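Trainee: Pasting the feature list from TrEMBL:
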| type | residues | note |
| --- | --- | --- |
| DOMAIN | 13-162 | domain 'Putative restriction endonuclease' |
Amino acid sequence: MGMSDPARPLMTVEEFLVWDDGTDTRYELIAGRPVAMAPPSPFHGALAAAILTQFASRLRPPCRTISEAGIAVADRSDSYFQADMAVTCRPLEAGMTQVPDPAVIVEVLSPSTEATDRGVKLPAYREIPSVQEILLLSSTRKRAELWHRRDGEWRVQDIIGDGVLQFGSLDVGISMAALYEGLL
């Protein structure tokens, strides 16, 4: 089932979280419709693992990284995303289905997901009050877009090649060279 099945009624996040299509397919809920997620390429997976590892080695408790992070947008009951990674500094509890108060959200862009990541997910992530930084990482070249919330406004920093990604909300810096080492 995907966005091409208009006969199905729209789902809420609550309905989506208990829904099972009987397969191992991963889905996101976009505008009330379950949308199948393609399995990530090995490169995508390696880059997602690299950013998670870099963050995990620099964070101080109570902050932690979460891979394949469930993200819901407050005041929207029709969308639930799975980000490649998120950082939260809130306690986690067994049975949670979404990241509580994410401070940072990371998406690795691939040719098949870039339009959705930029056009649907990025604007939704910017609506989450706790989110202070959003990182979009290219999987085809050494490039990153780092979105920062400052004084209620969003600004973007475009990093191409070498450089350091500065996450001011967490006092963490990560070099592009370390992220892409052995990948590009």
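In case you wondered, yes, glycine gets a Cβ from its N, Cα and C as well.
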Trainee: Under the DSSP assignment, what numbers of helix, strand and coil residues are found in the domain 'Putative restriction endonuclease' (13-162)?
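Mentor: Going by DSSP assignments, the domain 'Putative restriction endonuclease' (13-162) contains 34 helix, 56 strand, 60 coil.
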Trainee: As a test of reading the model: what is the averaged pLDDT for the domain 'Putative restriction endonuclease' (13-162)?
Mentor: 95
